[in-house]
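Engineer: Here's the feature list from TrEMBL:
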TRANSMEM  35-58  transmembrane segment
REGION    109-129  region 'Disordered'
TRANSMEM  205-229  transmembrane segment
DOMAIN    216-326  domain 'ABC3 transporter permease C-terminal'
TRANSMEM  262-283  transmembrane segment
TRANSMEM  303-324  transmembrane segment
TRANSMEM  345-367  transmembrane segment
TRANSMEM  379-398  transmembrane segment
TRANSMEM  426-447  transmembrane segment
REGION    547-581  region 'Disordered'
TRANSMEM  669-688  transmembrane segment
DOMAIN    672-784  domain 'ABC3 transporter permease C-terminal'
TRANSMEM  725-744  transmembrane segment
TRANSMEM  756-780  transmembrane segment
Amino acid sequence: MSGRPRAHRVREWTRDLAMGAGFAFAGRQGRLRTLLTAVGVGLGVAMLLLAAAVPSIMSAQESRRDARAVNGSVLGNATSADESRATERTLLTAVADTTFHGRDIDGRLLQADGSHPVTPPGTERIPEPGEMVVSPALKELLDSAAGAELAKRLNARIVGVIADDGLLGPADLSFYLGSDTLRAGDAQRVRYFGHVEEHRDVDPLLILLGAVACAVLLMPVATFIGTATRFGGERRDQRLAALRLVGADTAMTRRIAAGESLAGAVLGLLLGGAVFALGRGLAADVTLFDVSVFPADVVPDPVLGALVVLGLPLVTVGAAVFALRGVTIEPVRVTRESTPRPRRLWWRLLPPVVGLALLLPLAGALGSGGGGQVNEFRVAAGVVALLSGVALLLPWVVERLVGKLRGGPVSWQLAVRRLQLSSGTATRAVSGITIAVAGAVALQLLFAGVEAEATQETGWEKSALRQVNVIDPTTDTAGARKLDRALAATPGVAGSTGFLESTQEVAGKAAGTDAAEYAQVIVGDCGTLREVADVGSCRDGRVFRAAADPRDTDEETSRPAPPRPGTALRVAGPDGRGTENWRIPEGTRTVSAKPSGWGAPVTGILVTPGALSPDRLDLRYTGWVRLQDDEPEALEHVRTTVFRQSPAAGVWLSRSTQVSAGFAELSRVIFAAATAVLVLIAASMVVSQAEQLRERRRQLAVLVAFGTRRGTLGASVLWQTAIPVALGLLLASAFGLGLGWTLLRVISRSVADWGVIWPMFAVGGGLVAVVTLLSLPLLWRMMRPAGLRTE
């Protein structure tokens, strides 16, 4: 017996949902409302599908990075003869990265050992000396007028283009350059490409930042989807009243309303899938904050995708039924509570309280040293609960405030009266932007705290921040002289200093252990040594001991003092072998070291070639270049000069601080996602504003017919948007600051800079103003006499 009533209820639900879906597409107004709902839901679905594809994108990026990683050994540090032995399949490789106008370019030198060497992914053969294989993006840059200086730097014939399986993304700038000058000790011998690095624990601070960012970026999307499913509520209620006249009961009308909303949501789901597919196809042409992906890598996670597809209809039905809680639908008429009950406050405070209960106990979970662990799911749940308080409290705040407003200009009175009668629609329209601003404020405060942890002092003095530093690990005496002459002739160079140095182990009981001591040995003629220290009288064969303070011959200075005269150094040759002892001569004079290009003095043992032959040392070139202020391309000219002399050399501007690579990469991804969410919010607000004006078309036309000025109505629309936005931004500031402060307590940090929050308010307010102004043409159209017509 119980089976028949259950089957009957299923038939009732199916029939009523189908009837509601039919009403969704009945008549011009019904189709227009459904289309607006579908557009709004579709935009949100597209963003949710993109979020569901993030795990796939990250996994593909990691796989591509591992696929082109080298697996070999530095010849001088080979642990066995097999590792350093050349075969027909091995090759030598060295890093040849460069930078062009702030864009990093990954490069490698390749030199085959035999006739059948392994090849990097995406390439068919190893380029010969004077040839190179480049990525498509790099080839496009080299062929453009903007890449003329870079083309001079990478002065080799392009013989191939790296395929997709050898790139991180479509905008990846990388190349492989053929070479015949690589030598043992300066290169890796590669037996195959593709290397999976050992598992490394991710910094808990970055995990926390990622969890917060996901919650902050997705909350506005979910909010707008809920808003879009409630478009056209007044006309829907009138249709339901007509159904009550022909015999439909209350339960049936609610099921029909759910079916009507469900139709728009399903159409929006299909539209969102189409938008996602279209955007996925165009992914190769989009680069945000140096982040680019291949379309094949943008695949939603099956579980997350299923949650979007199956969860959206349930949310839609729930929102439709929930929207009817304050409406009494009777035959022929719809009775809304003429004096609506005041919105209750207590239950609106529950989610923020739950959020605080989840987050406050985590205070100090991540100490100032970066230790500890935190449950990212708990953090995300707490953030979502706190941010939901913005959307829940905003209608209550608007209702309480506008209920007390009286008087003012006509436009102001029209706006206030409209909000007094029905503020729900206006607050729902701006709830997404207020949540976004609150989340952005909290994220900015957290970013400032994490950035302080991820930023390290380099030790370079501020006076050296206009210097360019050069380090070449592959040069010799002749190469150093050649590089010095080339730098001196480079356009935009005001002066340069360079020398050869080597790090040698101090002989003693600790030699060869982790406790071994090391000393810097600087080799050069007297002219070069005078650039780094006050050596005074000098001739070939002399040795000097350069210290930060020549009066302090002990090791009590803040910098490690050089070894004393008579100390033996274990001198190792360029290949890392043939170690022998060399003793600092007795009577070696201690001299005062001069400040280097990066501000700190160059301390160590200064030797002339006659005292210690450079051939006995594994040397590297170290120098600094002073740029002319009136030559904007001076830095790029220096990079070109150094690369042409030695592609393996590094060139970079001095900086007082350095940000960790993990934090920098996560920052780029978050800002790229934030840009996409901002675009979605703008588009969603346009759709929401259009729906509000469409619902009020008849009222606007009546007011104009009775003589109300168009400018007055336009101003009233602006006020209707401005009041909820202003209150929403104030509420967002309170919640954003509170959430940011709570998250900073989790990582044991204090607020570093309160000023980071103001740009968020400017962006939020500016976005609302732009969208409102863009809606004015539609407003003028709604005031036409045709709006008086009714169906």
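Every residue, even glycine, has its Cβ placed from backbone N, Cα and C.
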Engineer: Let me check one thing: do the transmembrane segment (426-447) and the transmembrane segment (345-367) come into contact, meaning three or more Cβ pairs under 8 Å with sequence separation of at least 6?
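Structural biologist: When sequence-distant Cβ pairs are counted, the transmembrane segment (345-367) does not touch the transmembrane segment (426-447), since fewer than 3 lie under 8 Å.
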Engineer: Please work out whether the transmembrane segment (303-324) lies in contact with the transmembrane segment (379-398), by counting C-beta pairs under 8 angstroms that are 6 or more apart in sequence and asking whether there are at least 3.
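Structural biologist: The answer is no, given that the two segments have fewer than 3 Cβ pairs within the 8 Å cut-off.
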Engineer: Below 8 Å between Cβ atoms, which of the listed ranges 205-229, 345-367, 379-398, 756-780 makes the most pairs with the transmembrane segment (725-744)?
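Structural biologist: Selected stretch: 379-398, with the most Cβ pairs under 8 Å.
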Engineer: Where does the mean pLDDT land for the domain 'ABC3 transporter permease C-terminal' (216-326)?
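Structural biologist: Residues in the domain 'ABC3 transporter permease C-terminal' (216-326) carry a mean pLDDT of 78 in this prediction.
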Engineer: State the non-local partners of the region 'Disordered' (109-129) in its own chain: residues 6+ outside its ends, Cβ under 8 Å from one of its Cβ atoms.
Structural biologist: 67-68, 86-96, 156, 159-160, 162-167, 176-182, 187, 189-194, 647-648
Engineer: Quick test of the contact rule: Cβ under 8 Å, at least six residues beyond the ends. What residues does that give for the transmembrane segment (379-398)?
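Structural biologist: Same-chain residues near the transmembrane segment (379-398) but 6 or more away: 208, 211-212, 214-216, 219, 223, 343, 345, 348-349, 351-352, 354-356, 358-359, 362, 419, 423-424, 426-428, 430-431, 434-435, 438-439, 442, 723-724, 727-728, 731-732, 735, 738-739, 742-743, 746.
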Engineer: Hey, which bits of the same chain come close to the transmembrane segment (345-367), Cβ under 8 Å, at least six residues off its ends?
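Structural biologist: Those are 204-205, 208, 373-374, 378-379, 381-389, 392-393, 396, 735, 739, 742-743, 745-748, in sequence order.
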